[in-house]
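Worksheet for the structure shown next.
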Amino acid sequence: MAERDFIIVSGLSGSGKSTVLQALEDQGYYCVDNLPATLLVDFGAQLARRDASSMLAAVSIDVRNREFLAALPQALADLRQRYALCPRILFLEADEGTLLRRFSETRRRHPLTDDLAAALGESLLTVLRREREMVQPLADVADKRLDTSQINTHQLRLRVQAWSLASRHYSGLVLLLQSFAFKKGLPLDSDFVFDLRALPNPHYDPELRALTGRDAPVRDFLEKSPEVARSFVSLRTFLQTWLAPFAQEHRNYVTVSLGCTGGQHRSVYMVEALARLLAGEGQRVLIQHRELGITETLT
């Protein structure tokens, strides 16, 4: 089956554009980093001349490319009119505290920290705010905005995988099921969040404390509980009821987050159990156990 997708990756400096481009490249995309805006239409022309049955491409553009925002509307119009190409725009962002920390850790200069900024005595925070104002028009027209403040590199790659899969050869809804610890914060990109902290906690059994919800002894412990069984049935019914309407509304993917205290036992077990059931029914499922650093794809 034909695979066609063209993605423009942009956003704030330090938000993860390089990671996204690497993730897309690993999925078979032909990627170009920091493509000049004046070459976007020429790049589209090259894509249009390739085999029509296979076209996966992505380009990243940031504020180093200062003429891009002014040129983008006309470039997109030319791509549509001349080559029937409609790129999707993925815009990455993060909060100021996260961006400041990332620049401090990597010791890299911000692209806007030029001689003029130095002459004006601008701080990094001021430069970040100036950049946010510059790229806001692009954020407003993006097909997908992704906040990377509370996700690591591995988690970002998974988000990109889910988003890019959704409009390619797999035409159905992609479901991302993720476990997490409430004590470490809610996943920001959740469509639905379910609290499993009322279920029996294997943590209080010394023999189970070091294990996870993927281990047989923990599964056996939880499956003996009527509360766990009822919760599983309720969640299964909810997902089976609402996934189809989401797909009919042309949603690309849905993120369902299941949390417990430590993100190790109950939420991990429930994600695994629901994923096995739904994948067996033909649903495309991505699993992420945030606190365990585990990701998997089930088909």
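Going from the start of the chain as shown, residues are counted 1 onward.
Glycine too: its Cβ is placed from the backbone N, Cα and C atoms.
The following features are taken from Swiss-Prot:
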- GLY11, LEU12, SER13, GLY14, SER15, GLY16, LYS17, SER18: ATP binding site (BINDING)
- ASP62, VAL63, ARG64, ASN65: GTP binding site (BINDING)
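The binding-site residues under consideration are SER13, SER15, SER18. Their Cβ neighbour counts within 10 Å are lowest for SER18. With respect to their backbone Cα atoms, GLY14 (ATP binding site) and ASP62 (GTP binding site) stand 11 Å from each other. Most Cβ neighbours within 10 Å among the binding-site residues LEU12, VAL63: this distinction goes to LEU12. GLY16 (ATP binding site) has a Cβ environment of 25 other Cβ atoms inside 10 Å.
Within the set of binding-site residues (GLY11, LYS17), the lowest number of other Cβ atoms found within 10 Å of a Cβ is recorded at LYS17. Cα of SER18 (ATP binding site) to Cα of ASP62 (GTP binding site): a span of 11 Å. Neighbours of the ATP site: apart from GLY11, LEU12, SER13, GLY14, SER15, GLY16, LYS17, SER18, residues of the same chain with C-beta atoms within 8 angstroms of the site's C-beta centroid are ASP62, LEU92, GLU93, ALA94, THR148.
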